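I have placed the structure first, in the form of structure tokens, so that the comments after it can refer back to it.
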Amino acid sequence: MTNTKKSKQKNTVGNKVKKTNTNKNNNNNNNNNNKNKQNKINNKNNKNNKNNDSNNKNNNTNNKNNINIKNKNLKKVENNKSLKVISSNKNKNILNNLKKEEKVNSNDILIQQQQNREKEDITNEDDDEKYNLWNPKPTSSVSVSSSKSSKSLKTTDLQNEMSEKLKGSRFRWLNETLYTTHSKEAFKEFSEDRSLFDQYHSGFKSQVESWPINPLDLIIDDLSSIKQRKRIADLGCGEAKLAERLQHKHTIQSFDLVAVNERVTACDISNLPLKNESIDIAVFCLSLMGTNFIDFIIEAERVLVKGGLLKIAEIESRITDINAFTNEIQQHGFNLIKKNEQNQYFTLFEFSKLQKKDQQFMRSLKQYQKLKKQQATNEPVLKPCLYKKR
């Protein structure tokens, strides 16, 4: 009995030991499983960390690449800007070179034109050109050697020369306009734009300097010899030089399209602000301009006293027929006293106003002569001064 009990006790103890062993084994297994799970988790985390690291590296490389690309783009933009600056500088240089070439070419053209004009002046035998003072010849000839040396002149000198030529051209254009326009229209235009008259008289002064003699000087000398004080009307006076030089000797009234100074009264010469028979001497010095210049003669006859003098200076090249011209003046109540044809450029005339009883006969006679003359030729007695285009 005791043995059986002991064996039973041993078995129970063994079973307990087995159970504890199995429990230990189970615990060990569980621990191992947990460790394995933890290892797996750790491995996953490590992998994730590695992936994150690799991603971070990739992001860093991408950022670096992006920065490099931006830097490259910035460099390209800077390069483009520099290229633009360089190209603009090149364009400026090209433009400057072109301007220099244009200046040189214009200088060469100017010299060539001067040479061509000299050749024309030598070969041209046209009388109208010879005596037309509105297109004067150069005061001194330019040789071939001097024309070559003129290429070395400063640009400013050539520009000044070109400017003077342009002024001359402007003057001739205005001069032609005055000759081919009715005086009423000319008075309106010049009144509205004073600069036109200033340009005209600036050019006129330049032209007069090249003339061998100014007809106004001859008229002033003639009037200064008159001892008795006279009332004189300077019709188409310009700057009123006649009044300036003779105001101490005579009473002078000066009229023109524009009053350039205090001595001048602005008006249309065909409608003078003067009373009938209030003037002793009327002067037209190169001022029978306009398509209605005969109206100027009629107005002069109105304001002159009986026996009053009419003095006219006219360019020789304008007069188509000197007898026809004097007849034209005489039929409006004047008688030719004298004429001076000694100067090859100008002709000077002096007429006196007729008495009333003589005028009717003279007008009928001169009208008949005029009709006969017009049948023979249709040319006007005074040609307009036209600018010859070269």
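Numbers here mean position along the shown chain, with the first residue as 1.
In case you wondered, yes, glycine gets a Cβ from its N, Cα and C as well.
As the structure is a computational prediction, the values presented were derived from the model and not from experiment.
Summarising the annotation, Swiss-Prot assigns S-adenosyl-L-methionine binding site to HIS201, GLY236, ASP256, ASP268, CYS285. The annotation compositional bias 'Low complexity' is assigned in Swiss-Prot to 22-71, 140-152. Feature annotation from Swiss-Prot assigns region 'Disordered' to 1-85, 106-160.
Sequence features, as recorded in Swiss-Prot, placed on the structure.
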| residue | record | Cβ neighbours (10 Å) |
| --- | --- | --- |
| HIS201 | S-adenosyl-L-methionine binding site | 17 |
| GLY236 | S-adenosyl-L-methionine binding site | 21 |
| ASP256 | S-adenosyl-L-methionine binding site | 23 |
| ASP268 | S-adenosyl-L-methionine binding site | 22 |
| CYS285 | S-adenosyl-L-methionine binding site | 25 |
Mapped DSSP class for HIS201 (S-adenosyl-L-methionine binding site), helix or strand or coil: helix
